[in-house]
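What TrEMBL annotates here:
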{"type": "TRANSMEM", "residues": "32-56", "note": "transmembrane segment"}
{"type": "TRANSMEM", "residues": "76-102", "note": "transmembrane segment"}
{"type": "TRANSMEM", "residues": "114-137", "note": "transmembrane segment"}
{"type": "DISULFID", "residues": "Cys173-Cys191", "note": "disulfide bond"}
{"type": "TRANSMEM", "residues": "254-275", "note": "transmembrane segment"}
Amino acid sequence: MSNHRYHQGGNYMHPRISYPHHFSYVSSCVKYMIFLLNFLFWLFGGMLLAIGVYAFMDKLEDGNGWLRLDTVYDVIFNISLVMIIAGVIVFTVSFAGCLGALRENTWLLKLYSMCLLLFFILEMSLAIICFVFPQYMNSFLEYQFTDKIIHSYRDDSDLQNFIDFAQQEFKCCGLSNAGYQDWSKNEYFNCSSPSVERCGVPYSCCINATDISSGLVNIMCGYGVQEHSVAAASKRIWTSGCIEIVRVWVERNLYVIAGVALGIALLQLFVIYLAKTLEGQIDLQKSRWS
């Protein structure tokens with residue numbers, strides 16, 4: 001039977017296309033691809049959140065239920081709290097993507113794609129600022145973070161472990177161009193301190209912190225080095241600041257870092273495209289029902 005329809009008098013009408021009863025505009029491939037990607041990130045966000053909460057509660061117990069959060073820097077330098085915030089964001093956004101795709105909910109898909117777009121814009125803005133104004137970023141990091149990180153070294157065990165790891169991995173000491181002399185700003189390493197660590201630096205600054213024969217870390221290897229000249233101190237410790245060392249490392253590995261960043265950006269754009277495609281398919285399916 002022909003699908004062509006005519007009004008009385010022989011006027012032609014557009015043909016009406018008939019579809020099988022089970023036909024759907026919504027692609028199962030797109031739908032479950034979004035679900036699977038977001039399910040993996042949902043698991044990652046949950047794991048990040050769980051580790052952050054465990055570390056935070058452990059820190060609360062060590063501090064007898066008290067934790068200082070007076071300024072935004074106290075939040076930034078609290079690694080367990082940063083992990084909790086990052087975990088909540090990843091967990092929530094990926095859950096919206098999972099549920100939006102699985103339940104074909106356009107509101108959740110809109111929220112999900114908008115969050116991804118916001119993350120993409122923030123990442124691109126930060127990358128452009130770092131690339132176009134590297135010296136400005138250097139100065140900003142030195143001015144804003146050096147004193148606060150050095151002061152907080154003994155106050156937060158997580159931050160202390162992170163600083164020690166960074167100094168050992170990048171073979172640096174301190175943060176700014178002053179290098180190892182930055183540690184004079186810490187109340188324990190200051191030369192006027194009554195502490196045994198006076199005029200010293202953390203063991204992670206030492207070139208040979210581990211005793212080869214015993215395999216033990218010599219935590220006193222950096223004692224007294226602030227009283228020495230750069231030439232003399234360089235025989236025992238790394239003397240350059242970490243910000244400059246990291247900047248040089250980034251410049252040497254710029255193509256690799258740019259490639260990874262581009263890959264992440266393209267993946268985000270691809271997932272946004274999938275979400276908007278699924279959203280459009282759902283709208284088409286709804287219009288067919290109406």
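Each Cβ is built from the backbone N, Cα and C atoms, and glycine gets one as well.
Between the transmembrane segment (76-102) and the listed ranges 32-56, 114-137, 254-275, the one holding the most Cβ pairs under 8 Å is 32-56. Sequence-remote contacts of a segment are chain residues at least 6 beyond its ends whose Cβ falls under 8 Å from one of its Cβ atoms, and for the transmembrane segment (254-275) they are 30, 33-34, 37, 97, 100-101, 109, 112-113, 116-117, 119-120, 123-124, 127. The least crowded of the disulfide-bonded residues Cys173, Cys191, judged by other CB atoms within 10 A of its own CB, is Cys191.
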